[in-house]
Amino acid sequence: MNEQFRQALSVIETLKRHGHEAYFVGGAVRDYLLQRPIGDIDIATSAHPQEVMAIFPRTVPVGIAHGTVMVIERGISYEVTTFRKEGRYEDYRRPKDVTFVRSLNEDLQRRDFTMNAIAMNEYGEIIDPFGGVEALKQRIIETVGDPAERFNEDALRMMRALRFVSQLGFSLSTETKQAIIRYGHLLQHIAVERIAVEFEKLLLGPFVSKAIALLVETNLFAYLPELATKKEELIKLSSYSLVPVDRIEAWARFAFVVHFHREQLKNWKLSNHLIRDILICLKALEHIRSLTDWTIDALYEYGPYIPHIERIRAAVYDDKPSVHSLLKQWEMLPIRNRKELAINGHDLLILFGKKGGPWLSEMIENIERAVLHRQVENEKEKLKEWAMCNQKRENNC
């Protein structure tokens with residue numbers, strides 16, 4: 001048992017002292033067994049939410065209707081959830097009701113995949129009623145019980161399956177894959193925002209190429225926003241070996257390959273801020289196809305986005321990325337954005353004694369370009385002289 005679990009032991013031990021069962025469950029146990037970095041630690045217990053809140057001094061009822069209470073111990077938050085079973089699902093996405101139970105097995109039985117239905121007690125002993133450990137050894141993603149039932153309960157589980165393929169490099173069991181092929185259309189009942197969360201994780205996984213290939217093989221792509229006609233583009237995307245390093249690069253590379261623009265991205269319900277970043281990368285990639293296309297003007301315009309653009313360019317055009325070299329060139333520019341100019345609009349209004357207007361923005365752009373191309377030093381007095389000279393249209397400015 002590693003240090004993160006040892007820190008959380010006090011929560012388990014406290015619950016047990018009060019006569020309740022308690023176990024580590026979920027992704028943390030799975031990742032511990034895979035010797036991967038562990039995220040948040042979740043605990044399942046026979047104690048009901050009110051009992052949990054009565055036992056611990058610092059709690060937050062984050063999802064009390066579904067049995068979840070946040071317990072804060074030594075400054076660390078743990079989600080403690082009552083053993084439960086779920087009633088009939090509505091709209092292919094959520095149970096109509098949940099019933100608290102006292103059985104760990106019943107709780108594990110409601111989970112999506114066998115690898116996520118493993119529990120661990122305070123001694124580090126594994127409780128695995130559905131063969132999750134063997135699935136981990138075989139590197140297989142399989143549902144708990146009948147995949148048709150699991151996917152009809154919550155259709156988003158099909159996207160989660162492919163997301164785990166991308167993150168872990170596992171394969172789908174034959175039954176799970178066949179069920180995705182058969183029930184993929186149920187994704188149409190799921191909110192785009194929920195799909196986008198899973199799809200983004202898929203795009204960022206180290207085995208994204210494998211997951212994209214499965215997206216095509218299972219025909220699940222046909223039920224994702226704006227992708228029904230993009231089979232060939234997705235096949236092309238699955239051939240790239242470079243793994244995106246962050247969400248901007250992941251979405252921009254995806255959007256570039258499948259020819260998405262603003263409207264298609266908006267239909268994925270992405271934030272305006274993220275869409276802006278993606279569109280900047282797409283604009284650059286329309287012009288920058290080789291290293292020689294990184295002109296001084298391109299470096300200046302896209303500087304902060306160089307790592308994203310260059311890695312996408314290299315992946316798409318089968319080249320080696322030159323991020324470090326380009327960033328050094330960008331850093332050596334006389335200015336890296338307009339705010340670094342030693343003169344501003346107010347200075348120019350005083351200098352020329354004129355009211356603002358189109359002339360002012362044109363003058364600032366001219367000064368900006370002149371400094372960038374080292375036609376004049378970025379010093380206020382020299383810029384004033386250059387501006388006066390430029391205003392008179394003299395050739396020796």
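Each residue, glycine too, has its Cβ placed from N, Cα and C.
Binding of CTP is attributed by Swiss-Prot to Gly27, Arg30, Asp154, Arg157, Arg160, Arg163, and within the candidate set Arg6, Arg58, Arg74, Arg111 the record adds Arg111 to that site. For Asp42 (Mg(2+) binding site), the nearest of the binding-site residues Arg30, Arg111, Asp154, Arg160 in terms of C-alpha separation is Arg30. Measuring Cα to Cα from Asp40 (Mg(2+) binding site), none of the binding-site residues Arg30, Arg111, Asp154, Arg157 fall within 10 Å.
Of all the Cβ atoms in the protein chains shown, 21 others lie within 10 Å of the Cβ of Asp154 (CTP binding site). When the binding-site residues Asp40, Asp42 are compared by the number of other CB atoms within 10 angstroms of each CB, Asp40 has the fewest.
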